[in-house]
Each structure stands twice: as C-alpha cells, then as structure tokens.
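For reference, the structure is listed below as structure tokens.
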Amino acid sequence: MDTVVPQAYLNNTSTAPDWLNKGDNSWQLISATLVGLQSVPGLVILYGSIVKKKWAVNSAFMALYAFAAVIICWVAWAYKMSFGEQLLPFWGKAGPALGQKFLIKQAALPATTHYFSDHTTVETAMATPFYPMASMVWFQCVFAAIALILLAGSLLGRMNIRAWMMFVPLWLTFSYTVGAFSLWGGGFLYHWGVIDYSGGYVIHLSSGIAGITAAYWVGPRTKSDRERFPPNNILLMLAGAGLLWMGWAGFNGGDPYSANIDSSIAVLNTNICAATSLLVWTWLDVIFFEKPSVIGAVQGMITGLVCITPGAGLVQGWAAIIMGILSGSVPWFTMMIVHKRWPLLQKIDDTLGVFHTHAVAGFLGGTLTGLFAEPVLCNLFLPVTNTRGGVYGGLGGVQFMKQIVGGGFIIGWNVVVTSIICYLISFLMPLRMSEEQLKIGDDAVHGEEAYALWGDGEVYDPTKHGFSSPDKTTHGKLARGTTEMI
C-alpha cells in the first residue's frame with residue numbers, strides 16, 4: 001500500500017520551496033520568540049519590579065516603548081543597515097525590509113562572502129540559511145530591541161520620556177547598526193575574524209557603554225532616590241529574571257541560523273556558565289557581606305549569561321565553567337569594590353549597574369573567547385577557517401588580540417556616538433524630567449501608578465483630608481503624599 005505524503009511535507013511544492021528546511025525555520029522562529037519574551041514581558045517585569053515603587057510604571061514603559069519603536073525602525077531601514085549590502089566597511093545600505101519579494105525569498109546576508117588573502121578565492125560562501133528572509137529579519141529585530149532595553153537600565157528613574165522616544169531610533173540607527181554590520185553582517189571586523197557568537201560585543205558591550213555614557217549626559221537621580229532605591233517586588237523581579245534566563249536558549253541557540261549540533265552546544269554552555277556565575281556571585285556576597293542577596297544572585301546570573309554569549313557555541317564545557325567563575329567574580333569586584341572607590345563611576349548614576357553586568361561581562365566574555373575558542377567548533381561556525389583560541393596554540397594569541405581590538409572599536413564608537421546623540425537631543429528638549437516629576441514619579445509622568453494602595457486607583461488628597469480619584473488637573477498635586485511608600 002502506497003503511503004501518501006502530505007503536500008506540506010514535500011519540498012518541491014509552491015508552499016515549500018526546495019531550499020526551505022522546516023526544522024531550521026521552526027527553530028529560528030522559536031528562538032526569535034524566546035528572545036522577544038526576554039524583553040516583553042521579561043525585562044518589562046524585571047524593570048518594573050526592581051525599581052522603587054514610584055518609578056515602576058515609567059521603568060516598565062521605557063522597555064515596552066523601546067521594543068515597539070525598534071520593530072518599526074528595523075523593518076523601515078535599520079535591518080539592511082545591519083545585514084544588507086555594504087555601504088562602508090562598517091555600515092550597510094539603508095532600505096526597507098517590507099516587500100513580499102524580499103521577505104519570501106531564501107535568507108541571505110550579501111556581505112558575508114569571505115575570501116582568502118588573494119581577495120578572489122572564496123574561503124567561506126555567503127551565509128544563506130534554509131528559511132525565508134522574513135524569519136531572519138524578525139530574529140535579528142528582537143536582538144536590536146533588547147539592546148535598547150538593556151541600555152535603558154542605566155537611565156531609569158529620571159530620563160525625560162520624550163527624550164527617550166527620540167533617543168531610541170537615533171541610537172539604533174547610528175550605533176547599533178554599525179556594531180551589527182561590522183561584526184555580523186559582513187563588515188570589517190567580521191572579515192578580520194573577530195568573534196562574537198551571539199552579541200557579547202554587538203549587544204551587551206555596546207548597551208553597557210552607551211548606557212553609562214547616556215547616564216553621564218542625563219545626570220543622576222535625585223539624592224533621595226540614590227540613597228534609597230529598594231525594589232518594590234523582589235518575587236516579581238525573579239519572574240522577569242527567569243524569563244531572561246530561559247529565553248537565552250533562543251538568544252544563543254539561534255545564532256548558528258540552524259537547528260544543528262552547534263546550537264545544542266551553545267544552549268548547554270549558556271546554562272553551565274549562568275549557573276556557575278550565579279553561585280560564585282552568591283558565595284562572594286556571603287563571604288564579604290554575610291548574607292546571600294537575591295538581587296545579587298540575579299546580577300550573577302546575568303553576568304554569566306552575558307559572558308558566555310560571545311563564545312557560546314565555540315568553547316568546551318570546562319571553559320564555560322571557567323568563564324562562569326570569572327563572570328561571577330570580575331563584575332562583582334568592579335561593582336562592589338572599584339565602583340565605590342573610583343570617583344568617576346560614583347559621579348555617574350548607572351541605575352541598574354548595566355556597565356558592570358553587561359559592558360564588563362561582555363568584554364570579559366569576548367576576550368575569554370579569544371582564549372578558549374575550540375578549533376573544531378570554530379570551523380562549524382566562523383567564516384575565517386582555522387580560527388582558534390590562545391590556549392590551543394598556533395595563531396590563538398593573534399585571536400586574543402583581535403578580540404581586544406574589536407571590543408575597543410565598539411567601546412569607542414558608542415562613547416562618541418551616544419554623546420553626540422544626547423547632545424543633539426538636549427538642544428530640542430531636556431534629557432531629564434522636571435524637578436516636580438522627579439519628586440513625584442509615575443503619577444506625574446504618566447498619570448498612573450503601579451499599585452492602588454488605598455482603593456481602586458484612589459490617591460490621598462491632603463487638601464480634603466481624604467481620598468479621591470486623580471484626573472488631568474489634579475493628579476500631579478494629589479500624588480505628593482503618596483509616592484514615598486517604600
């Protein structure tokens with residue numbers, strides 16, 4: 001008896017072109033969804049709960065707004081600036097990614113064809129994953145979005161929301177796309193052989209450096225907020241952190257652009273490094289402060305996830321443990337010791353310590369990848385053949401230096417470009433909120449509060465010695481007596 005194969009499973013049909021691998025396409029879309037969930041609701045929840053009560057709504061909304069704004073900018077012009085045809089050695093040509101003809105054809109990154117030193121013989125062919133461009137566009141979009149959201153962590157509790165609305169498309173256009181094209185899309189760092197498996201430099205180092213740079217220009221929170229800024233809901237914070245951790249399976253597992261053996265190694269290494277880093281950070285808290293901190297454990301988790309990202313599918317399991325030990329201790333040292341003794345870091349108000357958890361951990365991971373990148377795994381993924389880390393001899397020492405130079409470019413570009421963006425925005429509007437908004441918080445900025453403590457959305461009106469519902473004319477004044485509950 002003949003077996004009838006459903007049309008959807010035949011590769012030579014109009015619904016399934018011969019280049020489509022349904023397994024790869026499924027995994028790529030799942031990975032993109034996992035990364036999207038890291039942002040919405042993951043970081044939305046984490047930001048809204050880790051801050052002081054009066055900033056819960058504003059912090060969550062900064063993340064939510066950035067996610068939505070990046071999507072539109074990405075498909076309108078930024079995708080092709082990051083992964084399209086080359087305009088400059090560090091930048092792609094801008095253009096929309098909206099047309100049917102573009103989106104349903106096989107995915108391809110046109111600038112990724114890598115040649116030998118003679119510039120004529122192909123060493124590695126153009127990256128052409130076995131799924132449509134639409135999958136690639138969306139997968140890369142959620143990475144761009146989370147970069148902006150991570151950056152926002154440095155600015156919570158004082159940035160003018162209208163200035164943030166202007167900052168998001170400008171930084172995406174003039175900073176993120178440069179790093180993405182240079183390291184991933186076929187730019188000069190990509191062809192030189194700098195390794196960034198899944199965004200240790202493109203996302204974490206850039207957002208950490210841009211975050212602390214923008215924090216310098218925006219200025220610090222109020223004195224009272226800097227002195228006392230307790231999280232309004234630690235348990236909810238853990239829910240957001242859990243989404244962030246589990247979502248990292250898509251973050252690192254999706255970057256081989258295929259459901260292959262390298263993606264499996266990347267996912268396993270990600271969890272090994274994150275768990276090790278969390279434990280080390282917690283042990284350091286117990287040793288030096290005599291108490292295990294839940295917030296500290298989350299920070300250790302994040303630094304482990306960030307550190308493994310540039311080499312997730314390129315290092316062995318033992319190396320992932322070493323990277324976890326270092327990611328749980330080096331950023332801990334910079335945050336707990338160096339930050340408190342360096343006047344410049346004390347002057348700049350990096351609300352959530354994004355510089356330490358992302359910039360320091362991202363650069364650390366990038367350099368450690370230059371040491372531990374395993375030759376066989378490198379040949380599964382990298383365009384430059386025979387790449388290896390320093391511990392494997394040969395040209396491994398050169399790779400370590402390449403990693404330092406690549407990180408230096410990302411740092412320098414983000415300091416300069418972020419400063420220019422903040423400076424230009426300051427001519428059009430204040431970068432920070434008014435003093436009244438800084439004092440009151442969410443109710444003054446949004447007319448909303450995270451928790452209705454005295455009834456269904458009611459606030460205390462000191463002029464009437466009772467409760468009333470806020471409206472457009474009274475919400476700012478009425479909230480004065482309600483914002484310092486924690």
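Heads up, the Cβ atoms here are built off N, Cα and C, so glycines get one too.
If you check TrEMBL, you get these features:
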- 27-451: domain 'Ammonium transporter AmtB-like' (DOMAIN)
- 465-486: region 'Disordered' (REGION)
- 27-48: transmembrane segment (TRANSMEM)
- 60-79: transmembrane segment (TRANSMEM)
- 136-156: transmembrane segment (TRANSMEM)
- 168-189: transmembrane segment (TRANSMEM)
- 201-219: transmembrane segment (TRANSMEM)
- 231-251: transmembrane segment (TRANSMEM)
- 263-282: transmembrane segment (TRANSMEM)
- 294-312: transmembrane segment (TRANSMEM)
- 318-338: transmembrane segment (TRANSMEM)
- 359-384: transmembrane segment (TRANSMEM)
- 404-429: transmembrane segment (TRANSMEM)
May I ask for the residues of the chain that lie six or more residues beyond the transmembrane segment (294-312) and have a Cβ under 8 Å from a Cβ within it? 50, 195-201, 203-204, 231, 234, 237-238, 241, 244-245, 248, 251-252, 255, 265-267, 269-270, 272-282, 285, 319-320, 323-324, 326-328, 331-332, 335, 353, 356-358, 360-362, 364-366, 368-369, 372-373
Rounded mean pLDDT within the domain 'Ammonium transporter AmtB-like' (27-451) lands at 95
Which sequence-distant residues neighbour the transmembrane segment (231-251)? Criterion: at least 6 residues beyond either end, Cβ under 8 Å. 30-35, 37-38, 41-53, 56, 143, 198-199, 267, 270, 274, 294-295, 298, 301-302, 305, 309, 450-451, 486
Under 8 angstroms, Cβ to Cβ: which one of 27-48, 136-156, 168-189, 201-219, 359-384 has the largest number of such pairs with the transmembrane segment (404-429)? 201-219
Of 136-156, 168-189, 263-282, 318-338, whichever stretch has the most CB pairs under 8 A to the transmembrane segment (60-79): 136-156
Long-range Cβ neighbours of the transmembrane segment (168-189) (under 8 Å; 6 or more residues past either end): 65-66, 69-70, 73-74, 77-78, 81-84, 86, 89-92, 109-113, 140, 143-144, 147-148, 151, 196, 201-202, 206, 210, 406, 409-410, 413-414, 417-418, 420-421, 424-425
Long-range Cβ neighbours of the transmembrane segment (201-219) (under 8 Å; 6 or more residues past either end): 143, 146-148, 150-155, 158-159, 163, 167, 171, 175-176, 179-180, 183-184, 194, 306, 309-310, 348-351, 354-363, 365-366, 406-407, 410-411, 413-415, 417-419, 422-423, 426, 431-432
Taking a Cβ cut-off under 8 Å, which residues six or more beyond the ends of the transmembrane segment (318-338) line up next to it in the same chain? 269, 272-281, 284, 288, 296, 299-300, 303-304, 306-308, 311, 345, 353, 356-357, 360-361, 364-365, 368, 372, 374
